[in-house]
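Below is one structure, written out as structure tokens, with a few remarks after it.
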Amino acid sequence: MANINSSNTLSSTFYLTGIPGYEEFHHWISIPFCVLYLVGIMGNCTILHIVRTDPRLHEPMYYFLAMLSLTDMGMSMPTMISLFRVLWSISREIQFNICVVQMFLIHTFSFTESSVLLAMAFDRYVAICHPLRYTTILTPRLIAKIGIAALLRSAFAMIPLLARLAFFPFCHSHTLSHSYCLHQDMIRLACADTMFNIIYGLLLVIVLWGMDSLGIFVSYMCILQSILRIASREGRLKALNTCASHICVVLILYVPMIGLSIVHRFAKHSSPLIHIFMAHIYLLVPPVLNPIIYSVKTKQIRQGILHLLFPTKVSSTVM
């Protein structure tokens, strides 16, 4: 019986949802989404290119920034094709196996981004509290291990959750609430006992995001103590300024993430527009704003962008 259910589920077709009540405006609504996706992709690709090509940026802080750009694109790009297929009236259908792959990528890179932010908090802690040992502690080999561990931790944690979906019968509606697949959205359509998925998913959020946010909080408590010991006001402001970008990025990820989780668990009967609005903020805002924040707040990144846009003028200015 389990094999029959698995076979039926794997061949199931699900239906994505655009913006309910605004179907006739989908083509117009797709324009700002297209702009946001292009800005996010171009911004993160620019960060990656600058960090790769500029030897001055081959430092731990910028390696972590490159990881952040990769996770941003990994989290948002899997949604792009299905979103525009819906908004451009090409097709609302998505097969179960494609849906599972999509949600695996979204959730895995979401948890990975949280881990990268923890690593960046540790980077700021070492830079401010142990500046003389900065390059000896955060070696390229350790940074690579941190990145791989963050990705593997998130990926392996998602496997038990998504593997069980293959054994769930979906005997009622196959219409999802979003233009892409989320685990918390799909399990509400299952005609089976989903208690394991609900509890495991909640524990996953609490443990992974909770551990990362606690680590970030502890790092900044130590950083704050170290900053308060700096004698000059100028020195304290300079140290705080190096953390400002990271603090903004943490808030940009965690606030929509918490908001989306609250909406799905405690506001199930609220307007569908709220769910859709929160989901798109969660997936689109970090990839768009993170490169902008680091471009504005980080002098080396600004110089790299100017050099990329105006190579002759920047070179002559430096000389």
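Note: Cβ is positioned from N, Cα and C throughout, glycine not excepted.
Remember, it's a predicted structure, so these values are computed and weren't measured experimentally.
What TrEMBL records for this protein:
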{"type": "TRANSMEM", "residues": "28-51", "note": "transmembrane segment"}
{"type": "DOMAIN", "residues": "43-294", "note": "domain 'G-protein coupled receptors family 1 profile'"}
{"type": "TRANSMEM", "residues": "63-88", "note": "transmembrane segment"}
{"type": "TRANSMEM", "residues": "94-122", "note": "transmembrane segment"}
{"type": "TRANSMEM", "residues": "142-163", "note": "transmembrane segment"}
{"type": "TRANSMEM", "residues": "198-223", "note": "transmembrane segment"}
{"type": "TRANSMEM", "residues": "244-267", "note": "transmembrane segment"}
{"type": "TRANSMEM", "residues": "273-293", "note": "transmembrane segment"}
Per Cβ pairs under 8 Å, the stretch of 28-51, 63-88, 198-223 packing most closely against the transmembrane segment (273-293): 28-51
Contact check, the transmembrane segment (198-223) vs the transmembrane segment (94-122), 3+ Cβ pairs under 8 Å, seq sep 6+: yes
For the domain 'G-protein coupled receptors family 1 profile' (43-294), the mean pLDDT of the predicted model: 87
